[in-house]
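So that you can see what the record holds, here are the features copied from Swiss-Prot:
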type	residues	note
COILED	1-284	coiled coil
COMPBIAS	12-40	compositional bias 'Basic and acidic residues'
MOD_RES	Ser61	phosphoserine
MOD_RES	Ser87	phosphoserine
MOD_RES	Tyr261	phosphotyrosine
MOD_RES	Ser271	phosphoserine
MOD_RES	Ser283	phosphoserine
Amino acid sequence: MEAIKKKMQMLKLDKENALDRAEQAEAEQKQAEERSKQLEDELAAMQKKLKGTEDELDKYSEALKDAQEKLELAEKKAADAEAEVASLNRRIQLVEEELDRAQERLATALQKLEEAEKAADESERGMKVIENRALKDEEKMELQEIQLKEAKHIAEEADRKYEEVARKLVIIEGDLERTEERAELAEFKCFELEEELKNVTNNLKFLEAQAEKYFQKKDKYEEEIKILTDKLKEAETRAEFAERSVAKLEKTIDDLEDELYAQKLKYKAISEELDHALNDMTSI
């Protein structure tokens, strides 16, 4: 009799354990179904996003073609203008050499002048010109320092956004690992759903890789358009500059301005790339 009671208790305990496992399996099955639905929604969104990216790539291809045609015309115009500028520069060089010789003769004549007051006035005017130029150079340097600080601030902000995205990605990966561990404990009823979930995940990864490929092509087209646009602007500026007046050629100032403009474009491009990366990773 005692053995029968023990047997009944064991059967009752097995029944309770079986019920617990059944409830746990049902809960995990529900979670797997919800996860499958979520991934299906993400898959549909990714397909829609890929369609938009393909349309946008077509648009960038047309824009790239137009920019290349404009660049060819501008480069031809710039080449003609540069040839004229080279000729004018040779003439300017001859004039400058003659001017140097004349200035040397003038300096020799001035040294022989007996009127010290006139020489002092000339020296004073020369000092004022030098002081004015030095003041302008200092103002320009201050402006460049301010612009450089702004560029550094943009780069620091971009680094901060990148670190924030990296932290979010680590959290998401941790959540995904825990979810996969719980899904592995499900009973045979959720096994088929897990297989379907794996297939959907593989499709999603494939689409993500495809999207990354399109994004890279998009970035490449954007960079090429940007480079061609910059070259077009530079060629047009050089042509207009040469046609307008050779006397306005101030090589040192132009080099500094071009270098500063390139740095601003560089930091702006870095900020935009990191913003795109942040948006893409957040949407994923």
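Every residue number used here counts from 1 along the chain in the order it is shown.
Note that Cβ sites are derived from N, Cα and C of the backbone, with glycine treated the same way.
Between the alpha carbons (Cα) of Ser61 (phosphoserine) and Tyr261 (phosphotyrosine) lies a span of roughly 26 Å. Secondary structure from DSSP puts Tyr261 (phosphotyrosine) in a helix. In this structure, the C-alpha atom of Ser87 (phosphoserine) lies 28 angstrom from that of the residue listed as 'phosphotyrosine'. In three-state terms derived from DSSP, Ser87 (phosphoserine) belongs to a helical segment. Of all Cβ atoms in the shown protein chains, 13 besides its own fall within 10 Å of the Cβ of Ser61 (phosphoserine).
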